[in-house]
Every structure is written in structure tokens, then in C-alpha cells.
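Here the structure is laid out as C-alpha cells; the discussion comes afterwards.
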């Protein structure tokens with residue numbers, strides 16, 4: 001019985017690890033009027049999300065896009081990884097549950113990008129490598145754990161696609177990224193600049209990550225753009241510090257009622273050929289579209305503009321991406337997490353070496 005169960009487990013693992021012909025668009029056969037999935041391997045070495053034509057979306061263990069789970073990034077070109085914390089949150093908590101809910105909603109994702117014709121799963125070996133083992137009682141220790149985890153991921157040559165978690169996580173992630181790549185460019189999409197110095201006596205929180213990054217030389221400040229900033233502030237010019245560092249600041253008023261494709265042409269020129277990190281706070285979107293977040297601000301970007309920003313990063317030397325601040329307790333329909341899952345898929349589709357049809 002043990003060997004029989006082991007054989008079945010191995011067969012199931014093979015089916016979900018290697019792309020089936022149906023997942024790649026091949027037809028299945030019919031026998032006696034019943035549709036029989038053809039599970040023959042396509043010959044591709046890549047992982048592919050199973051097709052909902054043959055594998056029910058509600059079945060199985062919840063991983064990002066129902067991809068295989070791997071314990072490490074070894075052998076992967078890109079990996080989805082969760083950092084489930086909200087210890088640095090200043091307002092509504094709940095982002096610790098963000099990675100779990102994003103994974104649940106990501107069951108709707110398919111193998112190809114119909115808008116851009118990107119074929120990420122024919123291009124890169126991708127898997128879900130689970131969550132960083134954070135310390136829920138000590139934010140500073142959590143940051144150390146995050147940096148250590150990302151050092152290991154980056155040492156394999158894998159590009160991390162991170163599910164937050166509050167925006168504190170960008171700081172320790174960028175510590176590891178800069179260790180490997182040197183100071184990086186940053187495309188930061190957010191309602192808030194996250195450049196505060198000290199908040200309630202603390203220097204580490206979701207409002208301070210990019211101030212700490214500048215202080216430690218993790219960013220190439222000439223190649224930093226912040227898009228979608230808005231809301232009331234503690235001074236007449238809340239973004240003076242960002243501009244003083246050399247950041248390009250694009251306040252939300254510059255984005256209203258227009259396509260952001262022209263802006264992204266300028267951003268690509270600004271970023272050049274050097275390494276770039278993309279950090280996307282879901283609160284960049286208007287809370288009418290993404291209510292499930294900790295610090296909502298009215299009059300934000302639309303999901304269409306969010307997609308335009310990410311697609312506009314095609315051609316950049318992206319070395320890492322994150323999608324943060326999804327808070328499921330305030331996301332009663334699941335739409336915020338669903339939006340986050342789709343934005344992460346769009347990020348995957350613009351990584352270097354992606355094939356397009």
C-alpha cells in the first residue's frame with residue numbers, strides 16, 4: 001500500500017509540475033462520449049498553471065496560479081514568495097493575510113497574457129516557494145529574516161515576485177537586492193511616498209522604507225520614480241524630500257483622465273539599462289477599485305492605469321517586484337486580492353527573457 005500511494009503521489013506531482021498538452025492549448029481525446037484529458041508531456045521543461053478545463057479551480061492546495069510548490073528557489077528563473085506581515089502598519093491591520101488571499105484568488109489566472117501575448121510559462125521556470133518565516137512579535141527581527149531569505153533566493157539567480165505584507169518589507173528586500181546588484185532603480189507605485197524618518201519613535205515601519213533605502217545607498221536616486229502619490233499631508237509639500245534626493249515624483253493629479261503609456265516611455269528612458277526594482281502598493285489604486293488595504297486614499301489610479309504602468313516596464317532590467325498592502329479583512333468581495341494577483345501576473349509577463357507571440 002505504501003509503494004502504491006508513493007507511485008500515485010509521484011504521478012500527480014509529474015502531472016502538475018510538467019505542462020499538459022491541454023494547458024498549452026492542445027486538444028484532448030474523446031472516448032465513449034466523455035472528454036479524456038491527454039496528460040502526455042508537451043516536452044517543455046517549464047511549469048504551467050493547470051487548465052481549468054481539466055482541473056477544477058477550487059481543488060488542490062492553494063499556490064500562486066496553482067503552480068507547483070517548491071521549498072527553495074534552486075532551479076527557478078522566477079518565484080512567487082509571500083511575506084505575511086502587518087507589524088509595520090500605521091492604520092488598518094490585516095496585510096499579514098494578503099499572501100494567502102492573493103493565492104486563493106490567483107486560481108483564475110491562465111497561462112497566457114491575452115492583451116500582450118506574453119507566454120511567461122514558455123519562457124521561465126516559475127514556482128511558488130511559500131512564505132518567509134517572519135517573527136510576528138518583532139519587526140526588526142522580521143526584517144533580518146526577510147533579508148536573509150532573499151539573499152538565498154537571489155543567490156540562485158531567481159527573480160523574486162513578492163506578495164505582501166505591508167510595505168515595510170521593501171526595505172529588507174532591497175537590502176538583499178542591492179547586495180547582489182548594487183544600487184538599483186526603483187519604480188514605486190503608491191498613494192504614499194513612504195519616506196518618513198521617524199514615526200512614533202520608530203525608524204522602521206511601512207511609512208519609512210525608502211528613506212532607509214536612500215540612507216543605506218540601496219537606490220540609484222537618479223533612477224527612482226514615484227507614481228500616484230496623493231492625499232493630505234503633514235506639510236504643504238509632502239514630497240519635497242523625495243525631489244531633493246533626485247526622485248521623479250508623479251502626483252496623482254498628473255495621472256487623472258489619461259493613459260499612462262506616454263509617462264512610461266519617459267520612465268523607461270530614465271531607468272536605462274541598469275537593474276530596476278518594481279514596488280507596487282495596492283493603495284495606489286482608488287479605494288473604489290481596491291478597498292481592501294490599510295491606508296486608503298481617494299481619487300487614485302484605475303486598474304487600467306496600474307496595468308499600463310506594469311506593461312510599460314517591459315524592456316527594463318527588472319531584478320525583483322512586489323505587490324503589497326492587500327488587507328483581506330477589508331476586502332469583502334475578494335476583488336482587491338484578485339486585482340493584486342493579476343498585477344503580479346502582469347509583472348511576471350514583463351520580466352527579462354519573456355517570449356511574446
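Cβ coordinates are placed from backbone N, Cα and C, and glycine is handled just like the others.
Unlike curated records, TrEMBL annotations are generated automatically.
Here is what TrEMBL says about this protein:
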- 167, 190, 192, 194, 281, 283: Mn(2+) binding site (BINDING)
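Its Cβ placed at the centre, residue 194 (Mn(2+) binding site) has 25 other Cβ atoms within 10 Å. In this structure, 190 is the one among the binding-site residues 190, 283 with the smallest number of other Cβ atoms inside 10 Å of its Cβ.
Cβ contacts within 10 Å of residue 167 (Mn(2+) binding site), excluding its own Cβ and spanning all protein chains shown: 30. Those residues of the chain, other than 167, 190, 192, 194, 281, 283, with a C-beta within 8 angstroms of the mean position of the Mn(2+) site C-beta atoms are 188, 191, 193, 206, 284, 295, 324, 325. For residue 281 (Mn(2+) binding site), the Cβ neighbour count at a 10 Å cut-off comes to 27, with all displayed protein chains included. There are 26 other Cβ atoms within 10 Å of the Cβ belonging to residue 192 (Mn(2+) binding site).
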